[in-house]
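> Below are the features I grabbed from Swiss-Prot:
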BINDING   G37, P38, S39, G40, C41, G42, K43, T44  ATP binding site
DOMAIN    5-235  domain 'ABC transporter'
Amino acid sequence: MVEGIVFEHVSKKFADSIALNDVSFAINKGEFFSLLGPSGCGKTTLLRILAGFEKPDQGRILLDGQDITKLPANKRPINTVFQNYALFPHLTIWENIAFGLRIAQRSETEIKREVEQMLGLIQMKEHGHKKPDQISGGQKQRVAIARALVNHPRILLLDEPLAALDLKLRQKMLLDLDRIHDEVGITFIFVTHDQSEAMAVSDRIAVLHKGSLEQIGNPIEIYEMPKSSFVADFIGDTNFFDGWVKETAQKEYSLVDVEGFPQIYCFNDKQLSKGDAVHLSVRPEKIHISREQIQAHPLQNVFQGIVDDVIYKGDHTHFGIQVGDRKISVNQQHSRFLLDEAPIKWKDVVWIWWHSDDGFILERCQKLENNNE
């Protein structure tokens with residue numbers, strides 16, 4: 001028996017709109033798993049199908065080997081935390097957490113034990129007597145999580161639970177969610193459109209786009225080894241190049257002719273031939289910048305350019321560097337700051353460089369007219 005959740009060929013339409021298109025993947029038991037994508041990608045629909053609030057048009061859902069596709073929502077060992085908290089304003093925090101236990105007709109001794117345990121888990125033992133309007137937004141979210149966990153579900157669904165919180169509070173709640181997950185050990189499924197949230201807490205991430213699964217992997221795989229242009233662009237910033245394979249070097253690397261730009265060496269894990277049209281990506285933080293000319297090493301990309309944009313962002317400075325017909329984004333991290341160090345300025349002539357391992361071929365493009373042969 002496979003432990004965890006399995007989606008098998010799940011499809012869903014609303015009128016003429018395709019919400020999910022033949023989606024298949026598995027979530028391991030006990031994982032902190034994120035469904036990530038822009039609005040309308042299908043992530044919330046997938047969550048609602050798992051919760052039992054929607055039925056798929058095709059496909060099925062397995063939980064620990066059992067088909068739960070037709071099981072009513074109230075029969076599934078799954079609880080959901082929503083963005084709006086949905087706390088009862090007339091009940092205390094203690095009573096809000098106890099509500100589900102009372103519905104289940106648990107004994108008062110058991111209710112007291114479970115509620116006190118949950119208050120300890122969310123670090124709010126001293127707030128049990130308060131009403132929801134007497135606590136902060138972050139505390140309300142923790143109470144909503146405790147209320148969802150008190151009945152010991154096998155799966156907790158989190159539907160954009162941090163969207164209403166400010167930045168600092170979201171960062172604090174992410175740490176709380178990670179800690180709570182580690183302590184309770186059940187499967188958490190986290191829906192978000194915020195890449196940084198998913199990257200911070202997830203064991204694995206499923207990236208969805210227009211109802212289809214683009215990629216699934218751990219945060220490092222998703223960021224460093226995107227499988228498509230959409231994933232590379234949605235997860236952080238990147239520079240894209242279209243070109244043709246001119247030659248292969250040492251099997252793992254290709255030299256690519258790029259229109260309006262010098263040739264680029266890049267990592268290649270695909271079966272490509274000379275003349276193939278390809279799509280390349282290199283992250284701005286992988287590119288180095290200097291006023292001094294750099295001696296190019298084998299398989300290193302070194303180019304001269306002119307600074308067109310300079311934007312100071314605190315922990316790093318963003319540069320737009322004009323090289324040939326292209327403007328290249330470069331992010332220089334600030335490992336130290338010296339008052340007497342002359343900063344790179346607008347219209348400065350600079351050198352930028354990156355190793356071929358830091359640029360990668362995402363996919364083949366449709367055949368372009370190649371005048372380089």
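Using N, Cα and C of the backbone, Cβ positions are placed for all residues, glycine too.
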> Need the DSSP three-state call for T44 (ATP binding site) to compare against my parser.
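For T44 (ATP binding site) - judged by DSSP and reduced to three states - the answer is helix.
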> State the count of C-beta atoms found within 10 angstroms of the C-beta of G42 (ATP binding site), not counting that atom itself.
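Other Cβ atoms within 10 Å of G42 (ATP binding site): 23.
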> Which residue among the binding-site residues G37, S39, G40, C41, T44 has the fewest other Cβ atoms within 10 Å of its Cβ, if you could check?
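Selected from the binding-site residues G37, S39, G40, C41, T44 on minimum Cβ neighbours within 10 Å: S39.
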> Once near-sequence residues are set aside, which residues in the chain of P38 (ATP binding site), 6 or more away, have Cβ atoms under 8 Å from its Cβ?
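Long-range Cβ contacts: H193, H209, F234.
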> Over all shown protein chains, what is the count of other CB atoms within 10 A of the CB belonging to K43 (ATP binding site)?
28
